[in-house]
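The structure appears right after this line, and notes come after that.
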Amino acid sequence: MCYIDLKKTKVHLDYLEAGADIIITASYQATIQGFEAKGFSRGDSEALLRKSVEIACEARDIYHDRCREGSPDGSNDGRVLKHRPILVAASVGSYGAYLADGSEYSGNYGDAITLETLKDFHRRRVQILAESGADLIAFETVPNRVEAQAFAELLEEEDIKIPAWFSFNSKDGINVVSGDSLLECASIVQSCKNAVAVGINCTPPRFIHELILSIKKVTTKPILIYPNSGESYDGDRKEWVQNTGISDKDFVSYVNKWCEIGAALVGGCCRTTPRTIRAIYETLSNRSASLSSQ
């Protein structure tokens, strides 16, 4: 049984041992509608959503046990075993992630998909994840204004008790991927009382600087940034295009500048790895030490 538990939690543990302070559940593309289309019952579909949170929470518990059992001589095989607050964020992907046709990278759902359609689609999933033991909800890769509005209204209508963050994606460094104004999207989050942070995910690192500056114009909330590796995604072939991204070294070369201009939380999204997070952890640790000595 212990072997099975460790196997389930291994990915989360890898990131925690690389220095991550927040782990995100594997529920980005998990939806009740998607599970039911594959033959699962409504009850089983809801249980799978809850399980994604349980696994992340189990990983956190195991990690804290490892911190208490750390090597007496302080050597931990390169692992970061440091007891600290760790948050579990329940991931809610966009409607486009459910479609699995790459439309979370275009935001084009067609005229038939309205604000009410999106709220009805997401409602039960948000309710379940909010009640499953997560510390917050992560609305990720939000591609357009209407879906941001749907999420914000759901938090209010369902009286969701835990906080949420909203992260948008961009392919031009100016607007969100649908072409909607990033300023308008971030303003929706600024007005949402349950939202505790707003930012950008799954976007090439080269665009992040200008996007942070744009978000700062309309929000007083903390800005979170977790870009992808810079690689391009082929929606037709459903795969990442090889050799189109940047190295971990180049990725973290941006980190200090992002923090200088306003990023409060920094991480990695698609095609980044625990090695990337470890490099970010070391960069931020050095930054903190440098600021403390001034």
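Yeah, the Cβs are placed from backbone N, Cα and C, and that goes for glycine too.
Curation plays no part in TrEMBL annotations; they are all automatic predictions.
As given in TrEMBL:
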DOMAIN    1-284  domain 'Hcy-binding'
BINDING   CYS202, CYS269, CYS270  Zn(2+) binding site
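For CYS270 (Zn(2+) binding site), the number of other Cβ atoms no farther than 10 Å from its own Cβ, over all displayed protein chains, is 17.
Looking only at other Cβ atoms within 10 Å, the busiest spot among the binding-site residues CYS202, CYS269 turns out to be CYS202. Note: the Zn(2+) site is recorded as CYS202, CYS269, CYS270; in the same chain, THR141, ASN169, ASN201, THR203, TYR226, PRO227, ASN228, GLY268, ARG271, THR272 also have Cβ atoms within 8 Å of that site's Cβ centroid.
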